[in-house]
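Copied over from Swiss-Prot:
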| type | residues | note |
| --- | --- | --- |
| BINDING | CYS47, HIS69, CYS175 | Zn(2+) 1 binding site |
| BINDING | CYS99, CYS102, CYS105, CYS113 | Zn(2+) 2 binding site |
| BINDING | GLY200, LEU201, GLY202, GLY203, VAL204, GLY205, ASP224, LYS229, VAL293, GLY294, VAL295 | NAD(+) binding site |
| MOD_RES | SER23 | phosphoserine |
Amino acid sequence: MSTTGQVIRCKAAILWKPGAPFSIEEVEVAPPKAKEVRIKVVATGLCGTEMKVLGSKHLDLLYPTILGHEGAGIVESIGEGVSTVKPGDKVITLFLPQCGECTSCLNSEGNFCIQFKQSKTQLMSDGTSRFTCKGKSIYHFGNTSTFCEYTVIKEISVAKIDAVAPLEKVCLISCGFSTGFGAAINTAKVTPGSTCAVFGLGGVGLSVVMGCKAAGAARIIGVDVNKEKFKKAQELGATECLNPQDLKKPIQEVLFDMTDAGIDFCFEAIGNLDVLAAALASCNESYGVCVVVGVLPASVQLKISGQLFFSGRSLKGSVFGGWKSRQHIPKLVADYMAEKLNLDPLITHTLNLDKINEAVELMKTGKW
């Protein structure tokens with residue numbers, strides 16, 4: 001029976017308040033309005049961004065909310081005026097929209113679409129939510145809210161992909177893989193024969209490693225306090241790995257000793273201010289580039305010695321790996337289907353939505 005135009009009742013993982021665990025609830029998902037798409041979410045990743053939300057009571061979020069932004073699914077229905085997807089299409093959800101009209105979208109080097117700011121309201125463009133639970137309106141998150149069996153997203157935050165793509169794998173292209181891989185390829189523009197250091201070997205960091213390898217880096221040094229991550233990092237391209245806790249000197253001094261002149265390209269893939277300072281200090285003093293890939297706390301100010309900038313070092317931000325979301329994501333999926341990209345090592349566990357709190361615990365212990 002068709003559900004077009006009807007309210008859909010389904011399961012969602014709701015955060016009712018800061019610091020609380022996810023609660024699996026039945027929610028009502030309203031039909032899409034103009035320029036909106038309702039999607040059956042088939043697969044979604046648990047990203048470090050959600051972990052930061054769960055671990056902080058100080059983020060400027062509205063509750064209750066449905067998190068999740070790393071998703072893939074099938075279009076269930078479309079609102080008036082939608083022209084780029086149709087019911088039955090396989091799609092990837094995009095926390096970073098591409099409106100195609102703003103200054104960033106029209107600039108060949110830009111990808112930070114102005115419509116991203118809409119996500120901060122945690123509502124749709126008309127100022128309302130498409131989710132309700134127990135008679136209460138539930139806030140959206142990150143333009144996507146994929147921790148729900150069905151979600152409603154603006155058309156500019158949806159990318160149609162290959163009809164035979166495995167959604168349980170390509171959902172990672174929705175954020176983690178693209179963010180890390182693109183940070184190396186697009187943001188840093190890693191050069192052949194260069195030396196790279198990746199601080200943090202989670203899913204995003206491993207994707208950075210793959211990006212550095214694809215760009216032709218001669219030496220890729222992985223840095224993490226969890227030695228269990230080293231084997232996979234080396235399988236994906238890291239030439240060596242270091243645990244700062246095992247070193248007698250600060251990591252930046254060790255990296256200078258190992259390379260004689262410092263690192264060409266450093267990547268902070270954790271979202272830790274102290275690690276960022278160490279990564280920047282590890283860069284070659286004449287031309288080293290440090291890219292901030294991890295999400296840093298918005299409420300904390302950077303404290304980096306000004307002496308580090310009495311040099312040719314560069315510190316760069318990166319959002320979604322520099323990709324223009326709707327334009328480039330289908331191409332990345334096509335590359336995966338052509339076996340040019342490897343997502344499989346990034347998948348450690350597959351759980352049902354009602355096991356989401358178990359997934360959180362696995363990630364906290366470094367097993368996810």
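Every residue, even glycine, has its Cβ placed from backbone N, Cα and C.
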Among the binding-site residues CYS47, CYS102, CYS105, CYS175, VAL295, point out the residue whose Cβ has the most other Cβ atoms within 10 Å, with all shown protein chains included in the count. CYS175
Whole-Å Cα distance, ASP224 (NAD(+) binding site) to CYS47 (Zn(2+) 1 binding site), is 18
What recorded positions in the list SER23, CYS113, GLY202, VAL293 lie within 10 angstroms of CYS175 (Zn(2+) 1 binding site), counting C-alpha atoms? none
By CA distance, which of the recorded positions (SER23, HIS69, CYS102, CYS105) lies nearest to GLY202 (NAD(+) binding site)? HIS69
Does SER23 (phosphoserine) have same-chain partners at least 6 apart in sequence with Cβ under 8 Å from its own Cβ, and which are they? ALA13, ILE14, LEU15, TRP16
Students should find that the Cα atoms of VAL204 (NAD(+) binding site) and CYS47 (Zn(2+) 1 binding site) sit apart, in Å rounded to an integer, by 9
How long is the line from the C-alpha of HIS69 (Zn(2+) 1 binding site) to the C-alpha of VAL295 (NAD(+) binding site), rounded to the nearest angstrom? 14
Express the distance between the Cα positions of CYS102 (Zn(2+) 2 binding site) and VAL295 (NAD(+) binding site) as a whole number of Å. 24
Whole-number Å distance between the CA of VAL295 (NAD(+) binding site) and the CA of CYS47 (Zn(2+) 1 binding site)? 11
What does DSSP assign CYS113 (Zn(2+) 2 binding site), in three states? coil
So VAL293 (NAD(+) binding site), by the Cβ count within 10 Å over all chains shown, scores 29
The largest Cα to Cα distance in Å among the residues GLY200, LEU201, GLY202, GLY203, VAL204, GLY205, ASP224, LYS229, VAL293, GLY294, VAL295, listed in the record as binding NAD(+), is 20
Radius 10 Å, atoms counted are CB only; among the binding-site residues GLY200, GLY202, which position scores highest? GLY200
